Amino acid sequence: MKRAPTKQPAKPAARGGERAQGRVIAAHGRHYIVAPADGGPMLQCFPRGKKSEVAVGDRVAYERTSADQGVIVEIGERRNLLYRSDQFKSKLFAANLDQLLIVLATEPYFSEDLLGRALIAAEANELKPIVVLNKIDVEAALPVARERLAPYRALGYDVLELSVKGAPDDARAQLAPRLAGHSTILLGQSGMGKSTLVNLLVPDAEAATREISAALNSGRHTTTFTRLYPLQDGGALIDSPGFQEFGLYHLTEGRLERAFPEFRPLLAHCRFYNCHHLHEPGCAILEALADGRIAPTRHALYAQLVHEASQIVR
């Protein structure tokens, strides 16, 4: 009499060599953490080939190489990609974003150049910018900070005044509705209170950071990788390491002029269609600068960015 065949155990959904879908939730060098779309445990992935174009927020296809590792073989179509660049290299921030939240503080003194560049990057990528002024409980420094931010309020930018440590409930009440359902990247210089803000909005952020750091084998570098935190009310918060420079060498002159909201209504009124808005006669931008409708600091930033862009061979 023939014996009945033994029943084989069910095979895992994504075996070695089989493609699966996921989302990149952390990046450190060429190491990436991918959260599988099927809800399985996260795994460490590496890009195929020497050059990596993977960013946090990317939807990717990967092939599993072991129980907890894989190779990224394809990057899904992106809505956008935020990055900074100089003459020699680019640094990716994140992909598929809706908003850019810039964290400033009354002290230490924030860089207005970095603020201006972050706003230009947001405009060029069609992201909604939100400016946070933290540490408003430092009352001695508050009037100067407000005065410095007044021109940006006048341009229509959201400027939220918070004290994340001193009044956390108020900070959460202001931010949570603006972040719900959106993918938001958090940018700021070191010392502005960015980490405190993340811990306020993502209660288990420290535990998640330790877990990701262990998976990346980078326990000594817990603040030097970009990571994505899902939010309780939907959406995601992407925290990027603090930085001191924000090069935008990759933006063409045409993209730059349209990234200044105060320039846009005037662009069609220049005498020359290829006006550079630097010293040309009949330039509507320069006329607005002369009569005070455009701030000198903003035009100076535009001129600097155009100069930087001219250094790149396209």
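Any Cβ shown, glycine's included, is placed from N, Cα and C.
Bear in mind that the values here come from a model prediction, so they are computed numbers and not experimental data.
The Cβ neighbour count for LYS194 (GTP binding site), using a 10 Å radius over every protein chain in view, is 25. Swiss-Prot lists ASN134, LYS135, ILE136, ASP137, GLY188, GLN189, SER190, GLY191, MET192, GLY193, LYS194, SER195, THR196 with the feature GTP binding site, giving sequence analysis as the kind of evidence.
According to Swiss-Prot, the feature Zn(2+) binding site maps to CYS270, CYS275, HIS277, CYS283. Secondary structure from DSSP puts CYS275 (Zn(2+) binding site) in coil. For CYS275 (Zn(2+) binding site), the count of additional Cβ atoms within 10 Å of its Cβ stands at 19 [all protein chains shown].
If you look up Swiss-Prot, you'll see 85-246 marked as domain 'CP-type G', on the strength of sequence analysis.
According to Swiss-Prot, the feature region 'Disordered' maps to 1-21.
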Completion exercise
Note on Zn(2+): the CB centroid of CYS270, CYS275, HIS277, CYS283 has further same-chain residues inside 8 Å, namely LEU267, ARG271, PHE272, HIS276, LEU278, GLU280, GLY282, ALA284, ILE285, LEU286
Practice task
For MET192 (GTP binding site), identify the closest of the binding-site residues CYS270, CYS275, HIS277, CYS283, judging by Cα separation.
Solution key: HIS277
Practice task
With GTP as the bound species and ASN134, LYS135, ILE136, ASP137, GLY188, GLN189, SER190, GLY191, MET192, GLY193, LYS194, SER195, THR196 as its recorded binding residues, calculate the greatest Cα-Cα distance and give it in Å as a whole number.
Solution key: 19
Problem - Top Cα neighbour of CYS283 (Zn(2+) binding site) in the set of binding-site residues ASN134, ILE136, GLY188, LYS194, THR196 - result: GLY188
Practice task
Measuring Cα to Cα, tell me the gap between HIS277 (Zn(2+) binding site) and GLY188 (GTP binding site) in whole angstrom.
Solution key: 30
Fill in the blank from the handout: Its Cβ having more other Cβ atoms within 10 Å than any other among the binding-site residues SER190, THR196, the winner is THR196
Fill in the blank from the handout: On the domain 'CP-type G' (85-246), the mean of the pLDDT values is 90
